[in-house]
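Chemist: Pasting in a structure now, in structure tokens, and then I'll have a few things to ask.
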Amino acid sequence: MNNMEENTGMALWKTFLDNTMKRDMHTVDIIIGVSLPIIFVVSLIVNTVTCIVILSDKTMHTITNYYLLNLAVSDLIATFGIPVELYYHFFSWRTYNRSSSIECKLHYFFVGILWNNSTLTMTALAIERYIAVWHPLAVTSKPIWKRMLKIMTVLWAVAVVEALSEIANVDLVTTENLNTCFTIPTDRARIVNGILALLTFILPTVVMTAVHLMIVSKVNSSKNRSRDVAFNYPNNRRKVNKLIVAITLSFLVCWIPFFSIRVLVFTMDLEQLMKLEEYWGILSNATIVNSWISTAINPILFSLMSTKFREALKVR
């Protein structure tokens, strides 16, 4: 893509974003203004409680719960990005405060690390559960702390690399009506979005779905109703199946809007994207709300649905 094509493409992209993001702006303001503060409070409480319970109760120091702790810490840090999101939405975009390009990239980078780490942790936890159910002896031979420290280090390192790959593809886009930090329309950005959609959504979804199906198969076929190591509560098949469905569906619901945008940017050129103007704003705003919901729903599904967690919480 030469300079003239890039300039033309950027002009089209600005017009497209301007038209889509100003649609039903009043309704969007109400939805975001009400939902994000609620998500912030809920996420702050449930993630803090999860961290306190796991750290303070030695009986909760299990492999599964260390994953939950890593997830809760990541989501707790990410939660403090919600006030920043609210500021960008209600002030920076409307009052023409020209946030620097560096600020835009840093925001994407740090939030990307935390969200990527959450996805990686959920995927690793699914694999860990599979091992615990199908090969329980394989996870009992090594010290838990050393093993988990290595795994968590790898997860955070991969999350950083994934976030770094996106820095060059986002920038401050300034139009007549707003300033927004968004993907810029370049061939490189399309390729990176496609790769990241594969690595951070499609592949984790396939892995989690396959692993959870294998766990359900094992649980349903087992005649042993003793306490299940992977789930920390009695092996009630109905509860296990409901939890597994909830885990997979929550991940899909929270992240489908965000990664739909990635896939569309990767598979369509600007002329094709312009035809989606009517729906792009809805998808973009759903991305904002759903992505932040993921920070609150993870500890609820993984921890608060656990009988052992609730018992430890009562002791507090």
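In case you wondered, yes, glycine gets a Cβ from its N, Cα and C as well.
In case it's useful when we look at the structure, here is the feature table from TrEMBL:
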DOMAIN    46-302  domain 'G-protein coupled receptors family 1 profile'
TRANSMEM  30-55  transmembrane segment
TRANSMEM  67-88  transmembrane segment
TRANSMEM  108-127  transmembrane segment
TRANSMEM  195-216  transmembrane segment
TRANSMEM  243-267  transmembrane segment
TRANSMEM  279-304  transmembrane segment
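Neighbours and distances for these, please.
Modeler: If one looks beyond the transmembrane segment (67-88) by at least 6 residues along the same chain, the residues whose Cβ comes under 8 Å of a Cβ in the stretch are 32-33, 36-37, 39-40, 43-44, 47-48, 50-51, 54-55, 99, 107, 110-111, 114-115, 117-118, 121-122, 124-125, 128, 148, 152, 155, 180-181, 288, 292, 294-296, 298-299, 302-303.
Beyond its flanks by at least six residues, the transmembrane segment (195-216) meets 116, 119-120, 122-123, 126-127, 129-130, 133-134, 162, 165-166, 230, 240-241, 244, 247-248, 251-252, 255, 258-259, 262-263, 266 of its own chain at Cβ-Cβ distances under 8 Å.
Non-local neighbours of the transmembrane segment (243-267) in the same chain are 119, 122, 126, 183, 185, 189-191, 193-194, 196-197, 200-202, 204-205, 208-209, 212, 215-216, 231, 273, 276, 283-284, 286-287, 290-291, 293-294, 297-298, 301-302, 305; each lies 6+ residues outside the stretch with a CB under 8 Å from one of its CB atoms.
Sequence-distant contacts of the transmembrane segment (279-304) (same chain, at least 6 residues past either end, Cβ-Cβ under 8 Å): 16, 20-24, 28, 31-32, 35-36, 39-40, 42-43, 46-47, 49-50, 53-54, 68, 71-72, 75-76, 78-79, 82, 85, 89, 115, 118, 122, 125, 243, 246-247, 250-251, 253-258, 260-261, 273, 310.
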